[in-house]
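Chemist: TrEMBL lists these features:
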- 2-351: domain 'Isopropylmalate dehydrogenase-like' (DOMAIN)
- Arg90, Arg100, Arg128, Asp222: substrate binding site (BINDING)
- Tyr135: site 'Important for catalysis' (SITE)
- Lys190: site 'Important for catalysis' (SITE)
- Asp222, Asp246, Asp250: Mg(2+) binding site (BINDING)
- Gly280, Ser281, Ala282, Pro283, Asp284, Ile285, Ala286, Gly287, Gln288, Gly289, Val290, Ala291, Asn292: NAD(+) binding site (BINDING)
Amino acid sequence: MKIAVLPGDGIGTEIVAEAVKVLNVLDLDFEMETAPVGGAAYEAHGHPLPESTLNLAKQADAILFGAVGDWKYDKLDRPLRPEQAILGLRKHLGLFANFRPAICYEQLTHASSLKPELVAGLDILIIRELTGDIYFGQPRGRRTATDGHFPGAEEAFDTMRYSRPEIERIAHVAFQAARKRSKRVTSVDKANVLETFQFWKDVVTEVGREYPDVELDHMYVDNAAMQLVKAPKRFDVVVTGNMFGDILSDEAAMLTGSIGMLPSASLNAQNQGLYEPSHGSAPDIAGQGVANPLATILSAAMMLRFSLDQPEAADRIESAVRQVLAQGLRTADIHSEGTTQVGTRDMGDAVVAAITKTTIKS
Ligand code: NAD
């Protein structure tokens, strides 16, 4: 098994170092190779996703990714900006299924912006289609309007589109994921207004007939946004398109308190995947040793489960994270009265210690 390690920029290097430390203590048989990506790769090779990094990613079974981006690159031409590296990896590896769990840990319910009783025990899995929809649909651009409310005016436009196979494959991913959980899927659409999402709804319904053991319901995206803050525990697996998923997964992330706790996975049809925390490179705290490494450590656990077929090792990491939270250890972003504030490295060390202790006991 080969893991491509792409730390990236800002806190990326600090948090990935902790995840690598955790992976190493598991004593599994895999090879890890590191390469620059994002701004770091632009500095070293003049491109955010150099050929050598892309080739490493293609050959690997899984990619452990930190984060990319820094304000200082905002003036570069768009194709050279660090964030383009993620889009490039998604495109070249065909990573069409994005998994974003939103789990509210018992010890962190107070960090949520919602009342504790609404989020205690929350465990949602948002599955977002990642390579289609209005983000990629052609044509797009700027032109002079020939019709509409202001003919002759300058206008911009994008194209929302989904093909049947694109919807079918993400629907299968969602139903299969639900089978491993509480067998409920909510498909989010805007079928009342958009042709694309009436089609989405029809195709998801058809695919759902192949999974009679999984309960399927449909919800309009505006209602889903409302229900996520009103009664988030009503959801289990949520499947939706690229744009709605982008927005709803960030909303769900906030229900759990800190973005520093949330892992994510993007998979292709061969289960090859890119695993990264849901947050960015946090330039405001980079280099200070205060970033929360748990989202990245939990992303490594997802990698073991989904791409490397090591579910027991994934369980060990997740249980070690619960243990360090139970011990009262917190990085600054999740710190509260009565808990012990620790830095990035100490948090990584505590997870390693919890894993080692469990290993010795068992
Ligand atoms: P961000 O997620 O980097 O940071 C938002 C806020 O959350 C900041 O205050 C930051 O300090 C805090 N934060 C984020 N991760 C944290 C952690 N692990 N521990 C503690 N606090 C944490 O989002 P932003 O500030 O909007 O963007 C910063 C840069 O990251 C930009 O260049 C942006 O384009 C990029 N970005 C990259 C990715 C990615 O690599 N996948 C995703 C989002 C943003």
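Count begins at 1; order follows the chain as displayed.
Placement of Cβ uses the backbone N, Cα and C atoms for every residue, glycine included.
TrEMBL annotations: computationally assigned, not manually curated.
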Chemist: Which residues of the same chain, at least 6 positions away in sequence, have a Cβ lying under 8 Å from the Cβ of Arg100 (substrate binding site)?
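Modeler: Spatial neighbours, sequence-distant, of Arg100 (substrate binding site): Leu125, Ile126, Ile127, Arg128, Gly245, Ser249, Ala252, Ala253, Leu262, Ser264, Ser278.
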Chemist: Around Tyr135 (site 'Important for catalysis'), how many other C-beta atoms are within 10 angstroms of its C-beta?
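Modeler: The answer is 16 other Cβ atoms.
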Chemist: Can you see whether DSSP assigns Tyr135 (site 'Important for catalysis') to helix, strand or coil?
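Modeler: In three-state terms, Tyr135 (site 'Important for catalysis') counts as helix.
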Chemist: For Ala286 (NAD(+) binding site), identify the closest of the recorded positions Lys190, Asp246, Asp250, judging by Cα separation.
Modeler: Asp250
Chemist: Looking only at Ala282, Ala286, Val290, which of these binding-site residues has the biggest number of Cβ atoms within 10 Å around its Cβ?
Modeler: Ala282
Chemist: From Arg128, Asp246, Ala286, Gln288, Val290, which binding-site residues have a C-beta atom under 6 Å away from some atom of ligand 1?
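Modeler: By the Cβ criterion, which requires under 6 Å to ligand 1, there are no hits.
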Chemist: Find the shortest Cα-Cα separation between Arg90 (substrate binding site) and the binding-site residues Asp246, Asp284, Asn292, and name the residue that gives it.
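Modeler: Closest by Cα: Asp246.
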Chemist: For Ala282 (NAD(+) binding site) and Asp222 (substrate binding site), determine the Cα separation and express it in whole Å.
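Modeler: Pair distance, Cα basis, whole Å: 30 Å.
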Chemist: Please work out which residue of Gln288, Asn292 has the most C-beta neighbours within 10 angstroms of its C-beta, and give that one of the binding-site residues.
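Modeler: Within the set of binding-site residues, the most crowded position is Asn292.
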